[in-house]
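Taken straight from Swiss-Prot:
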BINDING   Arg63, Tyr203, Lys209, Arg329  substrate binding site
BINDING   Lys209, His228, Asp265  Mn(2+) binding site
BINDING   Lys209, His228, 244-252, Glu293, Arg329, 445-446, Thr451  ATP binding site
Amino acid sequence: MTAPKNSIDLSQYGIDDVNEVVYNPSYELLFSEETKAGLEGFDKGIVTELGAVNVDTGIFTGRSPKDKYIVRDDVTRDTVWWSDQGKNDNKAMTPETWDHLKGLVTTQLSGQRLFVVDTFCGADEATRLKVRFITQVAWQAHFVKNMFIRPTDAELENYEPDFVVMNGAKTVNDKWEEQGLNSENFVAFNLTEKIQLIGGTWYGGEMKKGMFSMMNYYLPLQGIASMHCSANVGEDGDTAIFFGLSGTGKTTLSTDPKRQLIGDDEHGWDDNGVFNFEGGCYAKTINLSKENEPDIYNAIRRDALLENVTVDANGKIDFDDNSKTENTRVSYPIHHIDNIVKPVSRAGHAKKVIFLTADAFGVLPPVAKLTPEQTEYYFLSGFTAKLAGTERGITEPTPTFSSCFGAAFLSLHPTQYAEVLHKRMDDAGAEAYLVNTGWNGTGKRISIKATRAIIDAILDGSIDNAETETVPFFNLEVPKVIAGVEGDILDPRNTYEDPSVWNDKAVDLAKRFVNNFDKFTDTDNGKALVAAGPQL
């Protein structure tokens with residue numbers, strides 16, 4: 001709908017002389033706005049053969065973590081996990097620099113025709129953030145309408161935002177060098193003013209992950225777990241959550257015909273159970289096929305929004321083309337997936353917590369049941385590894401340790417998330433499992449068929465009745481038999497012709513875990529957890 005010019009007062013944010021406010025536009029209006037004649041550059045959307053619109057985000061095909069800042073003031077000084085306290089993206093900004101950036105964005109938005117989209121972040125009424133997005137660009141309004149929870153007309157009647165996001169993608173900061181910033185682009189947060197500013201980057205994910213970072217600030221301080229995970233629920237109301245970094249299988253494994261999807265990326269866990277932060281999904285589309293991922297493929301239709309996908313003049317899509325980026329994406333409202341929890345994306349307490357890792361070293365077992373102490377250790381470690389090509393063409397593993405499986409989005413110290421998750425799991429009697437979707441001694445990746453059989457065994461409880469053995473160095477308890485899984489792969493040592501090769505690799509990986517975890521040993525709790533990790 002188009003709001004009367006004065007019905008939403010944007011001057012309270014420093015935006016003046018607004019030409020017109022297009023308030024909470026319908027999908028029909030957004031479609032016509034983002035594809036209308038006369039649009040140029042990154043404003044322009046292209047209609048594809050599947051009915052979804054495709055947009056180009058320019059050189060910004062992913063987040064810009066080096067351009068992320070939080071104003072250091074009385075609110076944040078003693079709570080935020082600052083980049084000078086540990087390796088993270090929470091760089092401090094002065095209030096003076098903030099004022100300058102805010103002036104740039106409000107000047108850019110003043111005098112323009114603007115889209116204002118009011119949303120909820122969080123499916124729990126008591127703790128959700130009411131987030132208002134202000135942008136010049138129709139498809140950016142479309143993106144947040146897809147990704148956040150869409151309020152009803154009744155909920156909009158007395159809507160007062162808790163947080164405001166001003167997207168000034170068309171402005172840059174020429175004074176960045178003298179201000180000691182990383183570049184002319186910026187993604188900045190002020191927790192006193194409760195505003196996020198975006199400048200220079202057109203990437204839609206900055207709005208999504210920006211609010212995730214804010215939920216990661218507010219919820220743990222209230223004793224609520226804030227998690228980078230997918231979640232689903234079975235017919236008996238048994239909730240499962242899947243932690244994992246990009247490429248480990250979060251979205252694929254939580255999309256299960258036997259279970260209803262709660263959400264695919266961001267969740268909270270409070271006194272009532274697990275709830276989604278979002279109203280949509282943001283899926284990778286590189287090499288997407290209808291055969292391999294039918295749910296995601298079928299979600300790409302009218303109202304979905306593709307980003308940086310190769311589309312020809314006739315609207316034909318080439319999902320295999322990575323010439324623009326590997327990080328091609330689609331956002332769509334969650335109701336584009338059939339098998340979802342309705343009407344609200346929430347369910348009861350989790351009974352099964354799964355940590356997904358893709359171990360390219362070929363060391364970790366396909367599955368291990370974790371003790372409470374191991375759960376905290378592996379959660380804080382947040383390990384995965386990728387195979388990266390070297391100059392000589394040899395592929396060698398590159399380890400990634402990302403605390404809580406989402407260090408890029410943590411606003412507080414990682415131990416705060418670990419403590420809250422530990423309490424939630426303890427109260428619910430939940431059990432944790434480490435599931436490796438990576439490689440073993442055969443040089444091949446563990447098949448998705450085997451991994452799905454493992455997930456089934458975790459969810460139906462049969463894994464808990466299996467006879468087990470212990471993998472050395474890591475002291476992980478692994479089952480000897482799981483239905484549907486070749487028995488010899490469950491102990492990774494069996495996948496090597498020469499078990500001493502596994503030993504050497506295991507020692508190497510164990511050392512990497514130990515070295516990474518050293519940063520947590522500055523507290524008594526961290527020191528106590530060392531015994532739960534690999535022992536050399």
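The backbone N, Cα and C atoms fix where each Cβ goes, and this holds for glycine too.
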Inter-residue C-alpha distance, Ile446 (ATP binding site) and Asp265 (Mn(2+) binding site) (nearest angstrom): 23
Euclidean distance between Cα atoms of Arg329 (substrate binding site) and Gly244 (ATP binding site), Å: 18
Extra residues within 8 Å (Cβ to Cβ centroid of Arg63, Tyr203, Lys209, Arg329), substrate: Gly62, Gly204, Gly205, Glu206, Lys208, Tyr282, Asn327
Neighbourhood of Thr252 (ATP binding site), C-beta criterion under 8 angstroms, separation at least six: Glu293, Ile448
Cα-Cα distance linking Thr248 (ATP binding site) and Lys209 (substrate binding site), given in Å to the nearest integer: 19
Mn(2+) site shell beyond Lys209, His228, Asp265, criterion: Cβ within 8 Å of Cβ centroid: Lys208, Phe212, Glu266, Gly406, Phe409
By Cα-Cα distance, the member of binding-site residues Tyr203, Thr248, Lys250, Arg329 nearest His228 (Mn(2+) binding site): Lys250
Minimum Cα separation from Arg329 (substrate binding site), reported as the residue among binding-site residues Ser246, Thr248, Lys250 that achieves it: Ser246
C-beta crowding around Gly244 (ATP binding site), within 10 angstroms: 25
Nearest-integer angstrom distance between the alpha carbons (Cα) of Tyr203 (substrate binding site) and Lys250 (ATP binding site): 22
Shortest C-alpha distance to Arg63 (substrate binding site) - which of the binding-site residues Thr248, Lys250, Asp265: Asp265
Cα-to-Cα gap, Thr248 (ATP binding site) vs Asp265 (Mn(2+) binding site), nearest whole Å: 12
DSSP three-state assignment (helix, strand or coil) for Lys209 (substrate binding site): helix
Arg63 (substrate binding site) in three-state DSSP notation: coil
Residue among the binding-site residues Arg63, His228 whose Cβ has the most other Cβ atoms within 10 Å: His228
In three-state DSSP terms, the structure that Arg329 (substrate binding site) belongs to: strand
